[in-house]
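Listed in Swiss-Prot:
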TRANSMEM  15-35  transmembrane segment
TRANSMEM  333-353  transmembrane segment
TRANSMEM  360-380  transmembrane segment
TRANSMEM  387-407  transmembrane segment
TRANSMEM  431-451  transmembrane segment
TRANSMEM  463-483  transmembrane segment
TRANSMEM  528-548  transmembrane segment
TRANSMEM  853-873  transmembrane segment
TRANSMEM  897-917  transmembrane segment
TRANSMEM  953-973  transmembrane segment
TRANSMEM  984-1004  transmembrane segment
Amino acid sequence: MRFFALFIYRPVATILIAAAITLCGILGFRLLPVAPLPQVDFPVIMVSASLPGASPETMASSVATPLERSLGRIAGVNEMTSSSSLGSTRIILEFNFDRDINGAARDVQAAINAAQSLLPGGMPSRPTYRKANPSDAPIMILTLTSESWSQGKLYDFASTQLAQTIAQIDGVGDIDVGGSSLPAVRVGLNPQALFNQGVSLDEVREAIDSANVRRPQGAIEDSVHRWQIQTNDELKTAAEYQPLIIHYNNGAAVRLGDVASVTDSVQDVRNAGMTNAKPAILLMIRKLPEANIIQTVDGIRAKLPELRAMIPAAIDLQIAQDRSPTIRASLQEVEETLAISVALVILVVFLFLRSGRATLIPAVAVPVSLIGTFAAMYLCGFSLNNLSLMALTIATGFVVDDAIVVLENIARHLEAGMKPLQAALQGTREVGFTVISMSLSLVAVFLPLLLMGGLPGRLLREFAVTLSVAIGISLVVSLTLTPMMCGWMLKSSKPRTQPRKRGVGRLLVALQQGYGTSLKWVLNHTRLVGVVFLGTVALNIWLYIAIPKTFFPEQDTGVLMGGIQADQSISFQAMRGKLQDFMKIIRDDPAVNNVTGFTGGSRVNSGMMFITLKPRGERKETAQQIIDRLRVKLAKEPGARLFLMAVQDIRVGGRQANASYQYTLLSDSLAALREWEPKIRKALSALPQLADVNSDQQDNGAEMNLIYDRDTMSRLGIDVQAANSLLNNAFGQRQISTIYQPMNQYKVVMEVDPRYSQDISALEKMFVINRDGKAIPLSYFAQWRPANAPLSVNHQGLSAASTIAFNLPTGTSLSQATEAINRTMTQLGVPSTVRGSFSGTAQVFQQTMNSQLILIVAAIATVYIVLGILYESYVHPLTILSTLPSAGVGALLALELFNAPFSLIALIGIMLLIGIVKKNAIMMVDFALEAQRSGGLTPAQAIFQACLLRFRPIMMTTLAALFGALPLVLSGGDGSELRQPLGITIVGGLVMSQLLTLYTTPVVYLFFDRLRLRFSRKNSKPVVEI
């Protein structure tokens, strides 16, 4: 009593406290970063190693395996995957959430150092690592085009100057430069000319390497001067290499230009990049795992004027893709939804109270509670994102509830003629415990979420804390500011036997009278209501089992990503043509704004594309509808497939799969994996629940197998090393020397001129100089035949792995797809030597599914414990919790009606309903217990009177929560796919709960009261008179 009086009778202090909360909130709002979702990126480090010319199997066994054994000893590694292709190996390490990325990077470097002695010689550089996830979509793509500069020169400028400058920006984690490679001097050998001159390829390589050296020459000095010695020991351009003498034939000098074409070119000619049909160099920028995407993009954009000022006029620098506009638009939509929710809630209050002054009180309480929450969000290190702003939107209906309960009870005393200050004090005292019970039990719902681990726990933590803080501030405001404003702003009215009612008031009176009549009938037919109650419990179980489920709603971020997978024997020239064809098909779609893509490198038959769609306001279709439309056109392209998927704000795992979801096959036997993977992939491709089924197992690449006749080689004086060196020199794009320039280092690359290596006959032109100096053709001691060979070898842990990726057809949920895959694996009878499991997002979905029911039960148990403590009763909490089944039925039916799968967002809605709908029962039970204690009423009379007396605040609080969530259901535009499931769940649950709990709660109350009396009689002892 004294606590409430302290704030009611000291209005200045109360107002200043509320103002302080508001000012702190405004300051916190201005300092909060902006993001699409809470920070849920796993710490990921990518290790790269190269050995030019080595086959995928050689890279896997000699490079990947030693590194994996060393890296696998690092603490906190969630998953380790590797992919080895022609000349390169990439290992992805995904760490636990609580692992510091910088500490992990130090451990990775130590592991690389430990494995160094086990790696093969001839590697051009030590393995390197980068703190970035290559499977993440770039946050920004910059393109460089030029009419006069070559692609190699553009690539050099981009990688040497632009990438270095951008990498220094806070938040930038990794920059992939694609579309070409660094400049190089390329030596294209003529095998016939070499044979005629008797010059071996090793001799050419050694002559070039010896002619281009960089060694210190020292200095000369006398008593006065010092001279640094400098020589022309370096050759830097193709023109300087052409006259180089590599051999003497009968006294005549054989120069490099006589036996080879020497050109200024690039290190790897098998690379191509394009933007909107123009050749381009792409800078694909990814953020650090812990970085904020908006702040990072803003930092890059702020640097762009400086970057444009430093580039030559012949280069055009453009932004081809930027993730931030759709993120900002989505957050703006949420902010508008929040404003609409606040307005609707205030309108509900006004319609019920029909007083401007009375409406002003919750109109002040709501913004103070919401704005004050921003201060706590800042202190907790949160961000303004879709989930935290959705929490505030939902909180609108919650925070007004406390104010409504207090305000309505005070208004009831004022209508009875009590003086304002007395009414404020008395009304607050009566409902103070009720308000505290409602708020604490609501906060209790979120305690299990705060203890939840993994990605779902990280994702929901900000939502739970934000909502809990808003409820806590609302509780303080409703017990301090609200009664103070009621006492000083509202006026008492003369009691009337039949007060005048207009509009909504008349409707409310009619509803209350009708409710009273129907409630009397219900209390006389309790068994029927009990059957209905048990029916809702059973229906909950059935609906939860039957409803389609997914991990997270499919987002439309306005960006698509596509992976190209062509025939495994395709040439680079043909692959570049496929890239152009696919880009034309996509560019012609009316919903597409920009297309960039690249191909080449170690995997000639693959490529990547990034598509920026027009803003949502300029297109009618969703991203998924656009993909469905393009899929039909793209399927007509022979010899290659392009798999499109919408870029999501959440992507789990480090695999660069060509679809959104993955199923990984593991085996200790590579042969067993290669036997069963095609069978499993074929079976999964036939499932209607899956689309775009593809695999990263590529073991049908064209290979030319050379079989050495070792006896003949020994007789001819040739060793295997010389033969292998011949092949590497001829066909491996061998980097044989380094050219040092002020800004970078470039390579001299040697191979047979492409004019002489167009077919298998090129092998017939190869020869080796034996120990006697004679030229021995390769065909003398080797035979060759075509065969199939893998284009890549993949590992997970230390096991051979193959990942089957898939998308979902429109109208199919992830649960339906996973069930179909598990069923198919069982039907196929896959042996125990091949193990299958979901990975990436599908794996997290499986883990979340296993914990959903536990989470809901834990939330209900927590609420029960809190209510039991508050009421000092085992029974009354059960009465209050009896409101939950009807809410669950309403939520699940609403999701079915809107064809929305049960996702993590819908789970949040269910958790919220646990907190919302019990408020009705709390208000009923509190007044019924008070009526029994102080009024001497029977349980039936008490609960009947409580239901009628609390009918108006129950309607007000329910409608406030309903109208607070309604804008989420009706919202469109960017990010609506996240907001709508939450709104649908809450609105559906509230409507069904309101219809049923007004009748089931009093029946359950009476049932438990009779049960209590029955047990009390059994346990009572007879009184013995003395």
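Just so you know, glycine gets a Cβ as well, placed from its N, Cα and C.
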Leading contact stretch, 15-35, 463-483, 528-548, 853-873, 897-917 vs the transmembrane segment (431-451) - CB distance under 8 Å: 853-873
Recorded stretches the transmembrane segment (387-407) and the transmembrane segment (853-873) touching, at least 3 CB pairs under 8 Å: no
Tertiary contacts of the transmembrane segment (897-917) (same chain, 6+ residues out, Cβ under 8 Å): 394, 397-398, 441-446, 449, 456, 459-460, 463, 467, 544, 547-553, 811, 813-815, 848, 852, 855-856, 859-860, 863, 883-884, 886-888, 891, 961, 978, 980-986, 988-990, 993, 997
For the transmembrane segment (333-353), sequence-distant contacts whose Cβ falls under 8 Å of one of its Cβ atoms, 6 or more beyond its ends: 359, 362-363, 366-367, 370, 386, 389-390, 392-393, 396-397, 400, 404, 407-408, 411, 503-504, 508, 952, 955-956, 959-960, 963-968, 971, 973-976, 979
